[in-house]
Structures are given as C-alpha cells and as structure tokens.
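Q: Here it is: the structure, laid out below.
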Amino acid sequence: QGQEKLSCNPRKENGTHVVLCELGNPMKAGAQITVDMELSVSGLEDVGDAITFQLQLRSKNSPSPANVSVTVPVEVQAEMELRGNSLPATMVLPTSWHRVEGSQRLEDHGIGLEHVYQLHNKGPSTVSGVTLRLAIPTQLGDHVLLYLLELGTEGGMSCANLSSLSAQQV
C-alpha cells in the first residue's frame, strides 16, 4: 500500500555482523511486502567480484525461519590521474645546428630531454594491475624527432618497452 521506513538495528552475534529489521506485527494472512535495503560495507578489497548476504526471515507464527542467499556483484571504483612534464619545459635548437651522421655522442644528436609521468590514484578504492601505455613520437615524417634512450620507474612498478631503445645506437 504505502511506503514506510524500517527501523533496523545492527549488532554482532557469534562474530557475525547482523542487522535486525522489524517489518511489523500483526500482518494479515497472505500479506506480501517488498523491502529495499541499502547497505554500506567497507573492507571489500579482498572479496573478489561478489559478496553474498545471508538473509533469515522469521515469523513468530512459524517455528522454522526461511533462509535466503543474495549475491551482489562488487564493483571497484577508483579515479586515476596522470600528470606529466618535460625537463626542460621548452627547447629550441639554433638554426645553425645540424645532426652529425653516424656519431654516437648524445650532443651530436640534439639536446637532452626528460619526460616524467606520475600516475596517481585519487580513490576511493585501491588499485592493482594497472597498465599505462605511452606512445612517444620518435619520427616526424622522414626525420628523427626523439631518440628514446632510457625507461625507468619508481615505487614498485615495472616498465616494458615494445620498441628498441636507442635504435640509432646513440
């Protein structure tokens, strides 16, 4: 008929968290009710992809309770933020500068440039197994734009390079 707010009381029984909700008494024979519950559960990092709630429906008129299992999928939410900068922030080669063919000295191929990327988890959940793919342009038309010399990480991460480092043997 109408909608009512339930009065529910959380408690702990035998190491298990229990929420007791009184639905009303007396009820007419054959009465049907629908209950919507919203539960807030913490510490779900290690539960996998679902959590199961055991519901027990009891009536004072019935000697045995009805047991129902409800499985709810767990969806992890985390907001990731990627920050990056280049050191130096700007670079200009003089117009008179020319690359020295065949040289293996860095200064004969241009100015050193370092790109630093930081991946931050802004929560609310923890994350693992994150893959970050960066596409760095190494050519501009037929001309070499950047020589990728080194890849490195900090903070327990690993780095894999799909193309060869220093393809020009610099």
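Here the Cβ of each residue, glycine as well, is placed from N, Cα and C on the backbone.
Straight from TrEMBL, here's the annotation block:
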- 3-76: domain 'Integrin alpha second immunoglobulin-like' (DOMAIN)
- 81-162: domain 'Integrin alpha third immunoglobulin-like' (DOMAIN)
Q: Mind looking up the mean pLDDT for the domain 'Integrin alpha second immunoglobulin-like' (3-76) in the predicted model?
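A: Averaged over the domain 'Integrin alpha second immunoglobulin-like' (3-76), per-residue pLDDT gives 80.
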Q: Which residue counts does DSSP give the domain 'Integrin alpha third immunoglobulin-like' (81-162) for helix, strand and coil?
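A: The composition, in the requested order, is 3 helix, 22 strand, 57 coil.
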